[in-house]
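Below is one structure, written out as structure tokens, with a few remarks after it.
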Amino acid sequence: MEPGEHNYSIVFQFEREWHEKKFLDYMLERWTDSFVYSAIYIIVVFGGQFLMKHRPRYDLRPCLAIWSGVLAIFSIVGAVRTWPELISVLSNHGLQYSVCIPTYFKGVTSFWSFLFTVSKVYELGDTIFIVLRKQPLIFLHWYHHITVLIYVWYSYTDHTAPGRWFMVMNYTVHAFMYSYYTLRALQFRFPKFVNMVITSLQLTQMIIGVLINIWIYKIKGRGEFCQQSYENLGYSSAMYFTYFVLFAHFFYTTYLSKSAHRQKGD
């Protein structure tokens, strides 16, 4: 059994027959297309807001429920298929190996790494619903979508080792997040603490990302091998730190600030 296939009692045929090299070659040549997708996204989103300025909002709840439901199912399956490899690596090789050796690019997790990378383009569609439903579009939302897309595509070409953690965490958080969005679109009502739990999961993901990057700096500083270039590490550190600041600010202003308490009172 190849590294990256640990602990899988079931391996589906499409996972077994997946050839990672073909997609890697494509990404090495075309990963900069992520900038093109990001530019199109910005034009569509802000152009759409301009066009919707004097138009009535669309409800789109059924479409939003389907959209979020598809992403919820995808994220749940992705988490289920990638967690076993991470657990196995931690059990058999330890924490440092898990952030420094990218064996997850083989076997089952190679296939789910590919889908994870591609899904970041699909997820851009989240913002279309915000625009058409004339909901507030905060900087955190569109900044997060663009930077994740570009960084994930760029990191795939590097076979960045800590991507194992970033992928598993993202699949897991999105499994909860999109399930919540699906139920909200179906008009299920939740107490405020559920919103706080979802945001807390996102914030926790960013904290872990920051800590992993700090640890890798220390590992590389000791002269030990870790499969992540300093350039990539710099981008990752900047990205996760800004996410942490933005999500922490969002959490505070939404749930803890005086204005949040006044809105609750109203």
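Quick reminder: no glycine exception, Cβ is built from N, Cα and C everywhere.
Feature annotations, courtesy of TrEMBL:
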TRANSMEM  34-52  transmembrane segment
TRANSMEM  64-83  transmembrane segment
TRANSMEM  95-116  transmembrane segment
TRANSMEM  137-156  transmembrane segment
TRANSMEM  162-181  transmembrane segment
TRANSMEM  193-217  transmembrane segment
TRANSMEM  237-256  transmembrane segment
Between the transmembrane segment (95-116) and the transmembrane segment (34-52), are there three or more CB pairs that fall under 8 A, provided the residues in each pair are separated by 6 or more in sequence?
no
Near the transmembrane segment (64-83) in space but 6 or more residues beyond its ends, with Cβ under 8 Å, are 15, 104, 108-109, 112, 115-116, 119, 122-123, 125-126, 129, 133, 167-168, 171-172, 174-175, 177-179, 181-182, 185-186
Short question: most Cβ pairs under 8 Å with the transmembrane segment (95-116), which of 137-156, 162-181, 237-256?
162-181
Are there at least 3 C-beta pairs under 8 angstroms linking the transmembrane segment (237-256) and the transmembrane segment (137-156), leaving out pairs fewer than 6 apart in sequence?
yes
Any residues 6+ beyond the ends of the transmembrane segment (193-217) with a Cβ under 8 Å from its own?
99-100, 162, 165-166, 169-170, 173, 176-177, 180, 226, 228, 233, 236-237, 239-241, 243-244, 247-248, 250-251, 254-255
Which residues of the chain, 6 or more past the ends of the transmembrane segment (162-181), have a CB below 8 A from one of its CBs?
64, 68-69, 71-72, 75-76, 78-79, 82-83, 85-86, 89, 98-100, 102, 104, 109, 112-113, 116, 152, 155-156, 190, 194, 197-198, 201-202, 205, 208-209, 212-213, 216, 228, 236
